[in-house]
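This report concerns only the one structure given below.
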Amino acid sequence: NTSLEKNAFRFATCNEVLMMVVGSVCAVLHGSAQPLMLLVFGLLTDTFIEYDIELNELSDERKECVNNTIQWKQNYTTAWPSFNTSLNQSVWGLMNNSTQKMTQFAFYYVGIGAAVFLLGYFQISLWVTAAARQIQLIRKMYFSKVMRMEIGWFDCTSVGELNTRMSDDINKINDAIADQVAIFLQRFTTFVCGFCIGFVKGWKLTLVIVAASPLIGIGAGLMALFVAKLTGMELQAYAKAGAVADEVLSSIRTVAAFGGELKEVERYDRNLVSAQSWGIRKGLIMGFFTGYMWLIIFLCYGLAFWYGSSLVVDTEEYTPGTLLQVFFGVLIAAMNLGQASPCLEAFAAGRGAATIIFETIDREPEIDCLSEAGYKLNRVKGDIEFHNVTFYYPSRPDVKILDQLSVAVKSGETTAFVGPSGAGKSTAVQLIQRFYDPKEGMVTLDGHDIRGLNIQWLRSLIGIVEQEPVLFATTIAENIRYGRPDVSMDDIITATKEANAYNFIMELPQKFDTLVGEGGGQMSGGQKQRIAIARALVRNPRILLLDMATSALDNESEAVVQEALDKVRMGRTTISIAHRLSTIKNADVIVGFEHGRAVERGKHNELLERKGVYFTLVTLQSQGDKALNEKARQSRASIRQRSRSQLSNLIPESSVPVTGELGPRAYAVTQADKSKPAPVARILRYNIPEWPYMLFGSFGAAINGGVNPVYSLLFSQILATFSVTDPVAQRKEIDSICLFFVMVGVVSFFTQMLQGYAFSKSGELLTRRLRRLGFHAMLGQEIGWFDDHRNSPGALTTRLATDASQVQGATGSQIGMIVNSLTNIGVAICMSFYFSWKLTLLILCFLPFIALSGGFQAKMLTGFAKQDKQAMEAAGRISGEALNNIRTIAGLGKERNFVDMYEAQLDAPYQAALKKANVYGACYGFAQCVVFLTNSASYRFGGYLVRQEGLHFSLVFRVISAIVTSGTALGRASSYTPDYAKAKISAARFFQLLDRVPQISVYSDKGDKWDNFQGNIEFIDCKFTYPTRPDIQVLNGLNVSVKPGQTLAFVGSSGCGKSTSVQLLERFYDPDHGRVLIDGHDSTRVNVPFLRSKIGIVSQEPILFDCSIAENIKYGDNSREISMNEVISAAKKAQLHTCSMTLAIIRDPKILLLDEATSALDTESEKTVQEALDKAREGRTCIVIAHRLSTIQNSDIIAVMSRGFVIEKGTHDQLMAVKGAYYKLVTTGAPIS
């Protein structure tokens, strides 16, 4: 453990070290208590047995008792008449003597019990307190270090990962340095002491028992090995099915378009079979090994008692008490060694977590935002210049973002950066804030390299307004105050007036004290934006950075915000990144970016003449704007604008998500996904078909439960044999008992196997059934459901893999556990009442406590994790908010504030932890000492019964051991198996999925179907937003119609809604407003499978499934079996260049949708495919979404789209004549998307 000591305890102060030392001493003393109790127990047994032997002897009328010794009577013959009296006296003498001894033993027990209580309390509370203090410190250090890291570090470490580290990993360290250490020390001491007693009191017997123990060890080892191997096999077997699920879910649109849902469910189910059989094998093997272990244990018992009794009876080396001491000493030692091993796992986990955490704590940030170093200039002019800056993001070292960029920004001017997305505009702005340092070259402010300036000071000069402004979950006034801490209310009001925010704030009921909600969720985009501007202004910055500050707004708010920005730009150095012309036109200088270089610079008119980057941007946009303004005039509606700038649409979106997108929203989502545990009855309903297996399993479990009490019966029977005076009878009895042990072992072996097999069979069948149902339910959801990032293919496949397999923890094995415990307790109590009801009643008074302590210990091992989690939630919220918005916080220079807020929140959990340490310690002590107290009371009372009522002493042992062992079993049952709670939650998540009613149902027969399907399509005023991005209007009143047999082509920049219109037609989504008519039927009323079977779709990247080409082609029509001839003829038609084409043609569809079908091919194959397409189009309604103008010139209707509606439509020639947007696209040869 040396590295653990070095690592985990490195933050311990002297006080804590002292606490841990004292706690360890207590743990060691506590550990030696159980073996001490054995010594008492041995003496106690001897007393009982001596007494019984004396009674036996006294019943022989030829002996008498004089001064407590038994001897032959002298005048044997004469004493007949006086016999009665003397017997009574001598018995009384004996009794008093043994009663005194019993009382003495009872006091020993009580004394040990009290000591155990105190030791247990101190050992736990001291360790837990010490750990709480250290963890508190680690948390503070970790968070403050994370907040100091440079932004590049955050790019490479996901926020989710940091949040888990702060909660789970630090909790793991806590587990490793808290109570686990104490418990480990205690158990280890017990192990050592137990063996010591064994060897000191009787080394021969100890060696015999130890000799048999490797068998158990081998069994356990093999079991672990096999289970690991079989689990591997099972996972591998499931991986096949998982791959099918993943493939299907990833290409859900293709599956839906071709109506292949049920086919896929079948394919998935076929692959589940092998996983199921491995699972059953695993259950059988586990049952086999558990049975084997019990068998060995019982054989050991038999051997030990047989050999031990011969040592007691034949050679008289041992007293019966010694035999028990040795036997139990070794037994307890072995048990404690077993129980100590889980602690080692906790240590290992803690060490692993500690390495990661301490690595971060020790890491020095490359750009330390809290450092005091660096110059502060006396006066700042505000000239910024980039000198040959080359830059790569640390998270993507292979992509060159800036390439020898040189730009000068003059002070007091407004400079606009324009260019396609990914050209490096925002990156340049981040370099000015010094979020990153350039790889080559330098950025200077007034001629000083900014790396030499003090960071906090530099950032305090800069005000920044981002595209998606981040507000913190507090009041408006507080949010503005983040700009400058010492700001007065008047300044805030001035700033809000400048930002055009004052009026709307005064209209809110709580004015400046209005809470903005998590991530500013309560405010509209325009309001958030203006608050953010006010926050930037309050700083009175020299340099203003506007990163697409208005692009997320609708026209009206945009005008207001723009006006505010124009007001505040005066006299400041301003850099504005924008895509809207309106925002750029009046800039002093416009700099055009492309591929990380500044390629052009000048005023609006100069750049238009150059016909470069800027020109392309302008032509496309002004067209869209004109149409939009007319439309807005007609409807007077404010139209929310697409948040990604139009300009970035000139270049296909880079596939790297914007960090902001998964910000607060993703965090809020994980919070909301808590489901209530499912009712067990419902889980069992799914398992009904397996009732015979469950019945057999329960039968096995019941017999296994009865084994414990039977063991105590045999054990007490052995004690009884020691008081038999006749050696021959004694020997015979001992042999028969040992045989009995062997029989019990064999029975137990078979029943364990039965239980293991039966329950694993029922469990695996349930798992398979649930997986199938779950997959079926998933494929039945509407496409919009898959857009939610919680339902990404990865998340869904894991859900199928883990949730379904965890559910079985609530049925089979759980029932087994309950049946087992119940029979155990039932048999024990019946047996005890039969032998001595008085003693049983006394012990039953203690039973609740024993059961409680058993349950409590089980609870304790799972720890107080839940309470900790709740206490940490407030701190977690702060850390989550801070990490999600780290850029904003860094820009405002507010790291220190968040660290202080976080540390303030840590106080409550810390106080709770200290209070918990005491409660926890006391409970632990109590749980440990209950058994001692029970023993003291029961043996004292048992002694009394033996004397007064002539109860045979072996029955005292029988009753006590039967009930005490069953009491611990009760504790186990009350704590349930750990999988149980998990299973219920998994099941709940599963049922949520099964119960969800999809908005567009694939499996239902409802809806219109009609015979002569024409393919007449009409879009009437369709408006649509994607459910996952409700703030972006994708279709904005689309009106267009196609007659049967016509070809319609959509043209436009990406994001204008071309593909979306096709998805509405397929009914992947339904429009929010307006209608899609097919042959005059409203699409929402048409039967989904019917509609999709009439549509053939060829998409950009045809997705082929992992099976043969012929099967892939047959996929095109899942409603019937397809002959090989049809496959071949379809393949000929499609020239087999794209399998996907063949897919579409084999269904013989009435409507053909071609989504950029040829864009992924080279020119040669494109020609061939184009011919094939032209052939395929004959006599079918066809909708083409094109990326190359050459492919659509012969269409019947060409519709040019921009911003979600059609700006012009007609044939190629008509549109060329109009000289509108289409004409410009064709003549300039600009790329469309």
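Here the Cβ of each residue, glycine as well, is placed from N, Cα and C on the backbone.
The domain 'ABC transmembrane type-1' annotation in TrEMBL covers 21-349 (among others).
Residues or ranges marked as transmembrane segment by TrEMBL: 21-44 (among others).
Summarising the annotation, TrEMBL assigns transmembrane segment to 106-132 (among others). Beyond its flanks by at least six residues, the transmembrane segment (106-132) meets 12, 16, 19-20, 22-24, 26-27, 29-30, 33, 36-37, 40, 174, 177-179, 181-182, 185-186, 910, 913-914, 916-918, 920-922, 924-929, 932-933, 935-937, 939-940 of its own chain at Cβ-Cβ distances under 8 Å.
Annotation source TrEMBL lists transmembrane segment at 206-228 (among others). Within the chain carrying the transmembrane segment (206-228), a Cβ under 8 angstroms from the stretch's Cβ atoms is held by residues 195, 198-199, 282, 285-286, 289-290, 292-293, 296-297, 299-300, 303-304, 307, 326-327, 329-330, 334, all 6 or more beyond its ends.
According to TrEMBL, the transmembrane segment annotation covers 284-306 (among others).
Using a Cβ-Cβ cut-off under 8 Å and counting only residues 6 or more beyond its ends in the same chain, the transmembrane segment (318-337) has close neighbours at 31, 34-35, 38-39, 41-46, 49, 187-188, 190-198, 201-202, 205-206, 209-210, 213, 216, 304-305, 308-309, 311-312, 719, 722. According to TrEMBL, the transmembrane segment annotation covers 318-337 (among others).
Per TrEMBL, the feature domain 'ABC transporter' maps to 384-620 (among others).
Look at TrEMBL and you will find 691-714 (among others) tagged as transmembrane segment.
Taken from TrEMBL, the feature domain 'ABC transmembrane type-1' covers 695-982 (among others).
Look at TrEMBL and you will find 734-759 (among others) tagged as transmembrane segment.
Sequence-distant contacts of the transmembrane segment (815-835) (same chain, six or more residues past either end, CB-CB distance under 8 Å): 694, 697-698, 700-706, 708-710, 712-713, 755, 759, 843-844, 955, 958-959, 962-963, 965-966, 969-970, 972-973, 976-977. The feature transmembrane segment is assigned by TrEMBL to 815-835 (among others).
Annotated transmembrane segment per TrEMBL: 841-862 (among others), in sequence order.
What TrEMBL lists as domain 'ABC transporter' is 1017-1228 (among others).
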### Task
Could you please provide the mean pLDDT value for the domain 'ABC transporter' (384-620)?
76
